[in-house]
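A.B. asks: First, the structure itself, so that you have it in front of you.
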Amino acid sequence: MEYQNDPNVIRARRNIERAHSITSINPSQGPVVAAYVPVKKREFLGYRSTCALTLNRIIGSGIFVAPPVILSITGSKGLSLILWLVGGVITWAGLFVYLEYGIQFPLTGGELHYIDLVWTKPRKLMTYMYSIMFVVLSGSHANALVFGSAVIRASTPPGTTTTDYRLQKLFATLLVGVVCLFQSLSRLNYIRFSDAFALYKVSFLSAITVLGFYALGSSRFAESRGSNGTSNFQGSFGGAITSPYVVAIAILDIMRVYAGYENVNFILEEVRRPDKDPHRVYRRGAIATLFLVTFFYLMVNVAFFATCSIEEMATTQDMLSLFFSKIFGTSAKVRQVSGILLCLSSAGNVMSSTYVNTRVKQEIAREGVIPWPEFWTRSTHLGTPGPALLLHWIFSTIFIIATPLDDPNGYLIVSTLFNYSRTLLGVAIGCALLCAPWLSSFSEVDHRWKPKTSRLGFWVIYPLTVIYILTNLFVFIVSWFPPDLHTSLLTKSPIVTSYAGPATGVLIYAVGALYWAWDLHILPAFGYHFQKLSEDVKMDGSGAIELRFERDCKGIAHKVKDVVDRVTMWLGGKWSF
């Protein structure tokens, strides 16, 4: 029955289950209360804004950086295009996995709730591991740093080879700060800006596509150097490097560029739900956006390949400037314009990722996983997640400052840590979906669960899920065994060739497991107890949800609390242990 997949019904059921599991701890003080303000129904996201948030999240700077790297790795334009198509197929498999989860559990928070509802033993272990990973790694640092680099590029003359990394980090930090401040002041205007950025990206990629076809059919562009577009495709498969490891590294980079297709899963309670088909806006918006992105990614590659030779692409550090200089000629204006265009694309990505990631962090606090959840869960008087935005800005800034920009591999590893870590998550939720007919969290009233994204049911979703699982396993395993590509391939571009990324991802999950043991087992053994009591809609007509948390200290924990209280009183402060 459709009502089973209503977010209000799911949350009410979880509230009841929580009430049954609450243990009496006789707190010495009253419960801590936080007010969470959900989005009003009249402000729900329609097709345009849903597509815009996903489009902005997927299309950042990657599509303008990855093509020369992939071409350098494979040594062949033909093989590169095939691998970009394979990456699109893998992404479609992942999309259908997330569509099934989104239809079954249409909750803001996405993966947080999928893990919490499906992987229930040991209790909350996977939830804590995911939460710590997401809070720490899901920042906006990567595209913010690209923004900083593009600003410097647009404001310096051609031939400038050195970059002031401190200035780049300053611009990146300012961008994240301005975006967080903007979102904290007005959600509605923030969404309007997101829509505008998406329109800009569609127009921008359409222009590149048209220019690419122009170059493909004409030899009269500015820097043809005696060749036309079609001659650049002669012998497209000549010199192709087809070793499994090279193909693996190329697919890994392509998958990073496609990342973000599941963006709307994290904010599903803000998406409009028509009465006849509650999932129509979400489902159609996600499919239409990914179709558009797949098309543009292939066309942008064709445009780059039509205008530039393999040698030119392999040695460039600025693909966008190279492309425009081939079409319009080399000049300072070309460098400035390409820098500005890349700035706007990166800023749109930062806006989308910030909007979605802060909602998930607020949900993590709402579940009581991180310390002081009553603070991080709060909404401001404007109905925006102010404290969660602060949390997002803190970790984004830490990574911006810590990123070693003088080491290209160091930058790429730091900027892709989140993607590394989510490969293990992909395996976990993929395996759970294969077992869905036998899991109680997926069970229907009168029959076992059946797939809802296709009329062909299991014949479609099971093969796609297997592809998704194997791809994530493939990416994670391959990442541990880096080759020395720079000594064997035609490239001066930075390529991730270190196991530092996957090792750090595993370490973050291990920290989450240790925090789970500390929070749910060690602290209670010392007398400190904390639990979430309830979620109740306030009766003042505001629609706000009142979250009630309870904490108590006994034994050793009570003695520590007394010491802390005395110290803070002596310092003139007030702090709740």
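Every residue, even glycine, has its Cβ placed from backbone N, Cα and C.
The transmembrane segment annotation in TrEMBL covers 81-99, 128-155, 167-185, 197-216, 237-261, 281-306, 388-405, 417-439, 459-479, 499-518.
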A.B. asks: Using a Cβ cut-off under 8 Å, which residues of the same chain at least 6 positions beyond either end of the transmembrane segment (459-479) come close to it?
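C.D. replies: Hits for the transmembrane segment (459-479): 89-90, 92-94, 96-97, 100, 245, 248-249, 251-252, 255, 420, 423-424, 426-427, 430-431, 433-434, 451, 453, 496, 499, 501-502.
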A.B. asks: At a C-beta cut-off of under 8 Å, are there same-chain residues at least 6 beyond the transmembrane segment (499-518) that contact it? List them, or none.
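C.D. replies: Here the qualifying positions are 124-125, 128-133, 136-137, 413, 416-417, 420-421, 423-424, 476, 479-482.
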A.B. asks: Give me the stretch from 128-155, 167-185, 197-216, 281-306, 417-439 with the greatest number of Cβ pairs under 8 Å to the transmembrane segment (81-99).
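C.D. replies: Answer, by Cβ pair count: 281-306.
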A.B. asks: Report yes or no: does the transmembrane segment (128-155) come within contact of the transmembrane segment (197-216), defined as 3 or more CB pairs under 8 Å with a sequence separation of 6 or more?
C.D. replies: no
